[in-house]
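Taken straight from Swiss-Prot:
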type    : residues                   : note
BINDING : 10, 11, 12, 23, 51, 69, 99 : GTP binding site
BINDING : 99                         : Mg(2+) binding site
């Protein structure tokens, strides 16, 4: 039986540390941040959902379904995940943020292989030093558990998944994979990392 996997790109936050700018639409290397994430994740999944709570018309121009949180109170990544789980019929949902332009090209395969081998409910990515809670492969059937957690006033993703049978997938071989953008300095760091990756590809 073929396993189906959809992805949701989370672009629904308020981006306070970026001065309120919509992070998914911030330009990086001549294209919006979310376009980098789309290019990385699209070959790895069946369908893409974009979770956005503003600029929905702009996001729709990327050619994928745009979904907004069912609660308009900017309740964080969990709210976006809950919404996405109600919009997918796939066996698994791959969750990624809009501001990680160097996501691994083998992200889904590695996480799925480890998840199924361990017979776990979800897999969380790690850069080898820390877990990345918003880079997660999970079963949509976990929606009820996540919604109950959020409805109870909880927000921390790692507190939620600690209640479940989860595994951590190590991507320490790709140290730049989960660099994201919260400050102008991090944006510069990412630009340099992207340039280095392009140079390495040319040398191969």
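Each residue, glycine too, has its Cβ placed from N, Cα and C.
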Legend entry - Pairwise Cα distance maximum in Å, GTP-binding residues per record: 10, 11, 12, 23, 51, 69, 99: 18
Inset, instruction - Pick out which of the binding-site residues 10, 23 has the most other Cβ atoms within 10 Å of its own Cβ. - result: 10
Legend entry - Densest Cβ neighbourhood among 69, 99 (binding-site residues), 10 Å radius: 99
Inset, instruction - Count the other Cβ atoms sitting within 10 Å of the Cβ of residue 11 (GTP binding site), across every protein chain shown. - result: 27
Legend entry - Long-range Cβ environment of residue 51 (GTP binding site), under 8 Å and at least 6 residues apart: 8, 9, 10, 11, 12, 66, 67, 68, 69, 80, 83, 84
